[in-house]
Every structure is written in structure tokens, then in C-alpha cells.
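Notes to accompany the following structure.
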Amino acid sequence: MTELLSVAQMRAAEAEAMRSGAATGLQLMERAGRGAVAAMLEEWPDLVAGRWRAVVLCGPGNNGGDGYVVARRLADRGWAVEVLALGDPARLGGDAAKMRALWTGPVAGLDEAGAGPRPGLLVDALFGTGLTRPLPWEAITAMRAVRDRAAGQPGERCRVLAIDCPSGLNCDTGRVDLPPSGDDAPEDAEARSHSAIGILSADLTVTFHAPKRGHYLEAGPGLCQRLRVVDIGLEPSEAPSPVEPPASGRVRLVGARSCAADLSGDLWPGQLLRPGAGDHKYRRGHVLVVSGGVGRGGAARLAARTALRIGAGLVTIGCPPAALQENAARLDAVMLRPLRDAAALEALLSDPRISGLVLGPGAGVGARTREMVGVALAARRGTVLDADALTSFAEAPEELFAQLHPGCVLTPHDGEFARLFPDLARRDRQTSRVDAALAAAARAGAVVLLKGVDTVIASPEGRAAVHVAAYGRSAPWLGTAGAGDVLSGMIAGLLAPGASAPQVAAEAAAWLHVEAARRFGPGLIAEDLPEILPAVFRDLGL
Ligand SMILES: NC(=O)C1=CN([C@@H]2O[C@H](COP(=O)(O)OP(=O)(O)OC[C@H]3O[C@@H](n4cnc5c(N)ncnc54)[C@H](O)[C@@H]3O)[C@@H](O)[C@H]2O)[C@@H](O)CC1
Ligand SMILES: [K+]
């Protein structure tokens, strides 16, 4: 399964290769530059034949060093190559200086970026993993000047190849560190930063050894557009088993199945979904969804139907007595019980066969929900808390954290996350969504699934995973009313048999949620998600 490395982990892998004598820094850089050219030509075979013009922008560190290798390799293919350097190339050090010396063509300054014919390729080798300060404006200006050379001219547009990452991307956080915009009015600054991100976006990003967290988080996928990983001969880290939680300190990419052929559907998520031979319905778990009152039951019904579809043996909705009639008119396989108050929930939970709980969707914000959550958590079943079950504790999150247990999964979106963890939501430059979710899980003592296009799943033991609806897995139509309720039902349904760790159940649910949306396609509404699950399961060969 693919692992997402931090910048520090990547540096450590490089350092280990050099320390052990497996490779020198210069060899790694040569492989990186060559690998980037080979990957680019595979991606754009129309560039294999013919002599094209490339502009290579080289920065002041090793990313620039890779750029000099790319320039040399393209020139060797007969391309016309312009190299423009940020800063004085005579001040390059180490391996980058050696690669600069092997480049026999001229090196101009970035201020000459606007002069010259339209290039077919712009290579961004300004900054990689070593960017520690905001990107200099001159980098953005130069990128724009090269792109502008193509404006208004006939022929193919200029394609952009980013080496390791589009310059400005923080490879740990996925955010872009833009320079301050001086005296600009705030609106102006926003417009400038918007257009700066457009200018920095690549068409293809080639990174080395393993993808970095920033390639998958926040602005990363939008900036990289397409991502290819090139082997530079570093020792691969041992692949964690997809059905076990990842090791502490390591971040895995959920659903590598669609990105690499190293994962069989049989093992994951199939192993979590397939009932055992001879299983009866109680062995497959019984999920109880606590519903809101009259006219507010839709969210709970969505969660309940999904829990049943994903494999729970039985599903019951508990609702206030006044809402029984409404729910009865809408339910068949899902069972229904009156649930007047927290005492009634306690009585219901005396049935030990109820193994999974969902609280929050449509529950209403306030004391009733807080009491229900308290009783549910005391019963120590696999429990998913979403929506109103989270917001009900906005005034006193510690009250919730004190009651949570390791069988719980919290599923906040960014807004709910900020209500429970206001300090963690205000992230500084170096803190990523992964760091924030890990800190939240440790504080809460439960698994936190932080929803988004880049969903992060983190456990109190420091295990983290990321699922991203991008890079060929985008499902923009999933942003629809009720989709979150469906996700709660998926997690509870996977938790209910009691065989999966909450972290693993949440990871599989995040993947299936997007998979179902993609299988259905545009026009999706939340009701379609549970109904398309059987087709997803058939595709998985279940
Ligand atoms: N170390 C290695 O063995 C390998 C490194 N590789 C390349 O090396 C890159 C990392 O190299 P570096 O660590 O040198 O980092 P970068 O080349 O990303 O940039 C760091 C350099 O820019 C300076 N800098 C940082 N922020 C700046 C700012 N805002 N304005 C001006 N200067 C700034 C730093 O002082 C440093 O000199 C990777 O992204 C990858 O492209 C590859 O060649 C693979 C092998
Ligand atoms: K770059």
C-alpha cells in the first residue's frame, strides 16, 4: 500500500542511502533528472520525436540541481534548451553545483524569462522539498513570463513539468507559501494569490521514491494535476498490511488499489466486507441509529439504509415516539423502536447484540443529544458520532472527550472540527491536516475522520491515513445533502461485526463512499449511494 512520506522521512531515506554507500547524492540526482525526463516522455509521447524547445527554471538548491540534469538530458535529445537560474548559479553548492558544471549551455537570469520563442515545455525546478520561506515573487513572475510567451501564438500550448513538486507547494502540508503582497488591498492580494496558484500549477509533477503528503493534501492535487513517482533506487519501506492499522508515525494512502497493482480487492476492502461462511445476521452486527424528531428523520434513514447495505445483519432506527409514524411509512428492512429519552436508550442498549451505534445525523443540537451521546458512549459499542452529536459539545468539548472510548469514530467536516478543536483548526505554516487530525484523535481518545476532498483518518495511537478524491478518483458530485449521513452509516455498518479496528473501518468507508459516487456518476443524490453499493461490491468481485 502506498505510503505518503513527510519531507523529513524522505530526507532520512536519502541520507540512509548515502550513509550505507548504496548511492551517492550525485547518483540520486542524476536518476531523479533522468527519471523525470523519461516519465515526461511516457506521459506525452508526442514529444518523443522531434526537437522541441524547453525552458528550464533552476532554483538555488538541489531541486535546481535536478533541473540542470533535465536540461542536459533534453539537450542530448536535440532539444533547444534555455536555462534560467534564480540567484547566482556560481553560489550553488554540493551536488547541484556539480550538475551545473556538467551543463555546457548558457545560464541566464530569471529576468530574461519573457524573451524568446514559444517553448513546448516549461520545467519548474525552482524549489522542491527545501522551500522554507514564502516563494519569491520573482519565481512567480518568471513562470508567468514563460507561459505568456505562448499567449496569442498558434500551436500547442506550453506544457509544464514540475520537478518533485510545483514550486511553492509545501510538501508536508499541501499549502502554498506565497510571498506577502506588499501594499495591496486585501481583495487585490486574494486575486493575486489566486492567479499565482494558477501560474504555478503544473500539467505533470514527477516526484521521487514515494509521494509526499503535500502532493495529496489541500492545494497539492490541484497544483500537481498529474503525479508520477519515479524510482531512484532508495530502499522501499515495508508495506503495511491494509487490514491492520498503519504503524505510528507513518501515513498511508487509502485506496492505493486504484493507483497501484499491489493490492488485491480480495484482501482490502473485500476482507472487511465479505460475510464468513455460515454467518447469521447477528454475527454481522446490529446497528442502532438514533434519529431526530418529526420531519427530521431523513438523515438517520440514510445512515440506517447504508449500514444495512454495507453488510450489517440488522439495523434499527430509534426515534421519538411522535416520529414513529413518519419513519414507519418509510422503512421496511430497517427496524423501528421508540426512543423517548436517554433512559429509553439505556434500556434498549441492555441488548448486548446491538454492536454499532450512529448518533448525530438529524439529531438536533442540545441537551437531549448530549444525554443520548453520554448513554451511548457508556455502553461502549462501536460508535460513530457525526454532525449534531459533535456540535452539541461545541461549548464544552472536554465533556465529550472524557466519555469517548477507543471504539469511537468522530466524523467532523472542517466546520465541526473547528468547533471541537478550535486551536487545532488554526494551523500554523508547518502544521498539516494530518498533524491536526492526529492531535485531535490523541486529545479525543478516539479515531477522527476529518472529512474533505482530502479526508484524513487518525487514531489516538498516532496512526494516520489519507484518502483523496483526486488524481483520477475525483467525485465532485459527492458534495450533496446527506452524503455525510451515508458515510456515518458505512462506518457503523463496517464496525458492527466487531472484526475491524475503527481506523480500518473508517478508511474503508472513506474509500467506498467515493467509489460509490464515482460508480454512480453525475446526478448523484445521497439516496443513490447505498443503492449503488451492490454494483461496487460486484466490481470488487465479492
Ligand atoms: N538530496 C538528495 O539526495 C536528492 C534531492 N533531490 C532534489 O532536491 C530537492 C530538495 O533540495 P533542497 O533541500 O536543496 O531544497 P530546494 O532545492 O527545494 O530549495 C532549497 C534551497 O532554497 C533556499 N530557499 C528556501 N526557501 C527559499 C525562498 N523562499 N527564497 C529563496 N531561497 C529559498 C534554501 O536555502 C536552499 O538553498 C528535492 O525536492 C529534489 O528535487 C533529488 O535530486 C533526489 C536526490
Ligand atoms: K519544483
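Every residue, even glycine, has its Cβ placed from backbone N, Cα and C.
Since this is a predicted model, take the numbers as computed values, not measurements.
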Same K(+) site per TrEMBL - residue from ASP111, ASP124, ASP203 joining ASN63, SER167: ASP124
Candidate from GLY472, GLY482, GLY484, GLY489 that TrEMBL assigns to the same AMP site as LYS451, GLY452, VAL453, ASP454, THR455: GLY484
Neighbouring C-beta atoms (10 Å sphere around the C-beta of ASP164 ((6S)-NADPHX binding site)): 26
For GLY65 ((6S)-NADPHX binding site), the one of ASP124, ASP454, THR455 that lies nearest, given that the binding-site residues are compared by Cα: ASP124
DSSP three-state assignment for ASP124 (K(+) binding site): strand
Site with most surrounding Cβ atoms, counting all protein chains shown within 10 Å, from the binding-site residues ASN62, ASN63, THR129, THR132, SER167: SER167
Entries of ASP124, SER167, GLY484 (binding-site residues) sitting next to ligand 2, with Cβ under 6 Å as the cut-off: ASP124, SER167
Local Cβ density at ASP124 (K(+) binding site) - other Cβ atoms counted within 10 Å: 30
Binding-site residues near ASP164 ((6S)-NADPHX binding site), in sequence order, restricted to ASN63, ASP124, ASP454 and a 10 Å Cα cut-off: ASN63, ASP124
